[in-house]
């Protein structure tokens, strides 16, 4: 599933081609996504794009009279293409632009979403989200306070969007390794110093992944069709049985809330 770095990479890739251009019309080939494509998107016509923003894993296209909310789901991607390039089987939505480009949404598993809203504030998919991990609001004091009475393992708690947005399975595993914290540790057991370290490494890991264009494991591609390269730097995720790059101990895989977790028994306590 695309996580925050992949969505931010997509945002940065499509923004220069959309802002300042006008959506001439939309082509919805298959509107049966996680939720049905909003009716307003089917009928888009002559709408200039004012900005391309991101909140958590949602891309937000600002138009004069409302917002398009896009979620990439499990396998979705956005590409900027020339208008004449024919659509393929899993190309479900196009925005045809005035500059001769097309924003094409591809989603083999159809778990993504294309929604419309007049106002972002209070929309049900955005209303209960925690702070952005790269913002000043996500700091050691905040994390310590939110962990203080939490009797659940730290790994799934980091992946809870009510705590902090966009830290999915890959980056939770990588951040806990970088912080030296075992994923089975109860959130309430983290010290102030550990919270400070964890916040710093989460920010560093996410920023590094954004610089590398995200992590390509199976489905994710950047808006230009190229893969993300952070997968080449993964320390634990997807490396079950391989030697830890720090100490040589074989990487262990386990399950948390039905999600694979990877860690080093020696380096993480």
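We number each residue from 1, going along the chain as drawn.
The backbone N, Cα and C atoms fix where each Cβ goes, glycine too.
For the DNA site, Swiss-Prot gives 109, 150; the one candidate out of 90, 128 that the record lists there too is 90. In this structure the alpha carbons, written CA, of residue 57 (active site, proton donor) and residue 259 (active site, proton donor) are 18 Å apart. Among the binding-site residues listed here, namely 90, 109, 150, 109 has its C-alpha nearest to that of residue 2 (active site, schiff-base intermediate with DNA).
Rounded to a whole value, the Cα-Cα separation of residue 109 (DNA binding site) and residue 259 (active site, proton donor) is 18 Å. Among the listed recorded positions, namely 57, 90, 109, 150, 259, the Cβ with the most fellow Cβ atoms inside 10 Å is that of 57. In the zinc finger (235-269), helix, strand and coil residues by DSSP number 0 helix, 12 strand, 23 coil. Between the active-site residues 2, 3, 2 has the most other Cβ atoms inside 10 Å of its own Cβ, all protein chains included.
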